[in-house]
Amino acid sequence: MKKSTLINAELSGLVASLGHTDEITICDAGLPIPRQVQRIDLALTYGIPSFLDTVTTILSECQVEGVVLAKEFAKVSPAHHDALILELRKEGDKSGRTIDITYVPHEVFKVRTQSSKAVIRTGECTPYANIIFQSGVVF
């Protein structure tokens, strides 16, 4: 059995397969997922698993150099947005690398998910609680 934080086999395999600049999306329960993109559906019920728990778990094993967020997230869901930014800063401090944050309109975000290697659906029901991770390198 794995000793690290991430024990979901499908997610662990996804993280292991990422190359530099590959993208994965972590989304709330409502984001439309493109048909051509691998769908990893973790949602059990409303709020489980949460968006932030899923983000922090994947961050624990994935080198991220940048993220993409919907502009609307900060305005509509400020508490969740601020908690996410705090986690990204903590991860950046821990790794010694700044994580670049890019904001785009939600409609642009949805189109961008079509380029993701996978979309991970959570049980989160907070508006605009979605993020695209851009994979970095550990060296």
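Each residue's number is its place along the chain shown, starting with 1.
Including glycine, each Cβ sits where the backbone N, Cα and C put it.
Curation does not apply to TrEMBL; its annotations are automatic.
It should be emphasised that the depicted structure is a prediction, and the values quoted were computed from it without experimental measurement.
Here is what TrEMBL says about this protein:
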ACT_SITE  His20  active site, proton donor
BINDING   Asp28, His106, Tyr128, Ala129, Asn130  substrate binding site
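Known features from TrEMBL, placed on the structure.
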{"residue": "His20", "record": "active site, proton donor", "Cβ within 10 Å": "10"}
{"residue": "Asp28", "record": "substrate binding site", "Cβ within 10 Å": "21"}
{"residue": "His106", "record": "substrate binding site", "Cβ within 10 Å": "17"}
{"residue": "Tyr128", "record": "substrate binding site", "Cβ within 10 Å": "23"}
{"residue": "Ala129", "record": "substrate binding site", "Cβ within 10 Å": "27"}
{"residue": "Asn130", "record": "substrate binding site", "Cβ within 10 Å": "26"}
Cα-to-Cα gap, Tyr128 (substrate binding site) vs His20 (active site, proton donor), nearest whole Å: 26
Pairwise CA distance, His20 (active site, proton donor) versus Asp28 (substrate binding site), rounded so that it is a whole Å: 25
Check: same-chain CB within 8 A of substrate site center, minus Asp28, His106, Tyr128, Ala129, Asn130: Cys27, Gly30, Leu31, Ala70, Glu72, Phe73, Ser77, Phe109, Thr126, Pro127
